[in-house]
Amino acid sequence: MDCAEFLCTSCTSIHQALDQTKEHNVVALSDISGNSESEVDTTLVCPSHDGNALRFYCIACETAVCGDCTSVEHIGHKTVPLFDAIQEQKILLHTLVSGAREQVPCLEDSINLVNDVVGSLDLENKSAEEKILSAFDELSNMLQVRKTALLAELQTIYNRKHQILFEQKETLESILSKITNCCDFTEETLKHGSETEILLIKTEMSEKLKELGALKLQYQPEENECLVFDHTHFQTLRKSLTSVGAVQTNSAVAFESTASGEGLKMCYPGKATSITVISKDRKGELVRVGYASLSAEIRDEDDMASNPFVMDKQNGTYEVTYTVEKAGTYSLEIKLYGHHIKGSPFKFKAINAGEEVDHFNNSKIPRTLNVKQKGTKRPPSSRSHGSNRRSNAIEDDLVIRVGEKGRNKGEFSNPQGLHVVGDKIIIADSNNQTVQVFNSNGDCKLKFGSPGRVAGKMQRPTGIASTLNGNYLVADYDNKWISVFSPEGKYMNKIGTGKLLGPKGVAVDKNGHIIVIDNKGSCIFIFQSNGKLISKFGSRGNHDWQFAGPHYVAINANNDIIVSDFHNHCIKVFDSEGNFLFTFGSNGEGNGQFNAPTGVAVDQKGNILVADWGNSRIQVFDSSGSFLSFVNTAADPLYGPQGLAVTSDGYVAVADSGNHCFKIYKYLQ
């Protein structure tokens, strides 16, 4: 047993006679209970040393070896008895099996859940199919009813017209018959009658003929043949029918969907509090449509439940609004299709007014988790009017802050325009009348420009962009032109002289055309790269195609022109020819509202970022203008943000004019 060898009778005698092995325990095969013949035949034999049993296990090589192996190939290696190694491996494998089997209930539950969803999907499919059939059957019935009504109306009108014409015809035929008979009788009497007969009929026939001759008749038809089927609406109806109804779906899943807002942490008793749920698909991508089954439930310390109001914003986000009656700790469950979203259930506190400081000082929640968007609020613009402000911060934060007030290199005084090209960040330093160029680490690599009202000077630089060949375009509000500088800061030429009244923002589209926002003129100019005017559109006003102090411009992947309309408190989008496409935003402090928007930018996914000057925040919208979120600037609040751009690594850079610096923030795309 000690050597794990099978011995014949002679070998057994020798084995027991040797000093090295005489103490070994030797048993007969018949005495080994529970071992089958198959087990006896599976003795491990060393492939390198014929006949040697594998009695040891080399830990370094993780293989079974014989005694000769330990002194040759595996000399110096740590070995243990094979039996011990096998026992250890058995324990390890048992542990691994146990660990793997722990997954089985979860997998079975998951399979059941998937089967449940498949079953629900089948039911929803059948329900939707029945609704489609029912809707179109109803539509078909309505068309049939309308057809029957039109045919009945046609017959009624035909009968009325026909009756009028028939009666007119009968009247005319009757009079014609009378005239014909009277005239024929009189003429026959005159031709063949005697003098006595003529005298006898003279009086009677004279009266009749006079009466018939004096009749005032309507010789024109008293009705017409007009019977027309008016199908002028059919073309519109045909177009409508091609798109009538829609099959709506989304791919939102609970395990990727998130919630944000101050209401996840705290609220005030008796005051409505809102949070935003952002639905995402299995890959973590934002879902852009609504219709998801979202439910919410709040439980207080006594386990009393209430259901908040859930509003589907139809853009993949959902607003959950709740009100609690008393101070205390509450639990908020948010479920998507019956499953908890990320972080659910949430714990929050209802705090009486005046207790906020103590709450935040004692809070264990990380600072960047759903922090309320805060900023130093700007005075409202001349057309502003207030509304209730709601917060919806996302879990992002400040990456870097560069600059302070001053006139030296790397310092600013009211920075306005901001542009990113490659790893360069270019700032139009308005009150210092210069342009500064930084790398992505915030190091100032170039500063150029000096005050003046002649070519090559800067009086009030407000906007900045770059041409396709790398030259810098500087919008100079007071000089009323666009200055062109080389990447080294050398003046080259100017554009728009005599045309621009007060340029603010500037951008370059995919064709190399230069788009200039004339803030003072409330219009937009499009120039060729050589400065030749291509077109101009817009005027002062509040219609879709008009502006009231437009500020900045961005170009999206479709070459559309996106403009911030400052005093109209909205964003307007035009195609590359200047044709109006759509607008979004209104005056206020709520999600998707503005108090004088300024900087505008487009990220790689087509989302539109807007610097909300009066509300001192940055909001994020999808490509169609639906609100998604805002950038969390609470770590270092903004004060009147202006120029805006997205960096090459997906961050957002903003000119913080009131704080005399520029900042870069992370944000959720």
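Cβ coordinates are placed from backbone N, Cα and C, and glycine is handled just like the others.
Feature annotations, courtesy of TrEMBL:
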- 363-373: compositional bias 'Polar residues' (COMPBIAS)
- 378-391: compositional bias 'Low complexity' (COMPBIAS)
- 41-82: domain 'B box-type' (DOMAIN)
- 363-396: region 'Disordered' (REGION)
- 249-350: repeat 'Filamin' (REPEAT)
- 399-441: repeat 'NHL' (REPEAT)
- 445-488: repeat 'NHL' (REPEAT)
- 489-530: repeat 'NHL' (REPEAT)
- 534-577: repeat 'NHL' (REPEAT)
- 581-624: repeat 'NHL' (REPEAT)
- 625-668: repeat 'NHL' (REPEAT)
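Of the recorded ranges 489-530, 581-624, 625-668, the repeat 'Filamin' (249-350) has the largest number of C-beta contacts under 8 angstroms with 625-668.
Highlighted: of the candidate stretches 399-441, 445-488, 625-668, 625-668 has the greatest count of Cβ pairs under 8 Å to the repeat 'NHL' (534-577). Each residue of the repeat 'Filamin' (249-350) gets a DSSP state, and the totals for helix, strand and coil are 3 helix, 53 strand, 46 coil. If one looks beyond the repeat 'NHL' (445-488) by at least 6 residues along the same chain, the residues whose Cβ comes under 8 Å of a Cβ in the stretch are 409, 416-419, 421, 424, 426-430, 433-439, 494-497, 500-508, 512, 514, 516-517, 519-520, 527, 529, 552, 643.
This prediction places the mean pLDDT of the domain 'B box-type' (41-82) at 79. Taking Cβ pairs closer than 8 Å, the repeat 'NHL' (489-530) reaches residues 417, 435, 437, 446-449, 455-456, 462-468, 471-478, 480-483, 536-541, 546-555, 559, 561, 563-564, 566, 574, 576, 578 in its own chain, all 6 or more past its ends.
Outside the repeat 'NHL' (625-668) by six or more residues, the chain places 260, 276, 278, 286, 288, 313-317, 367-368, 371-376, 378, 392-406, 411-420, 422-423, 425, 427-428, 430, 438, 440, 463-464, 551-552, 571, 573, 582-585, 591-592, 598-604, 607-613, 616-619 with a CB less than 8 A from a CB of the stretch.
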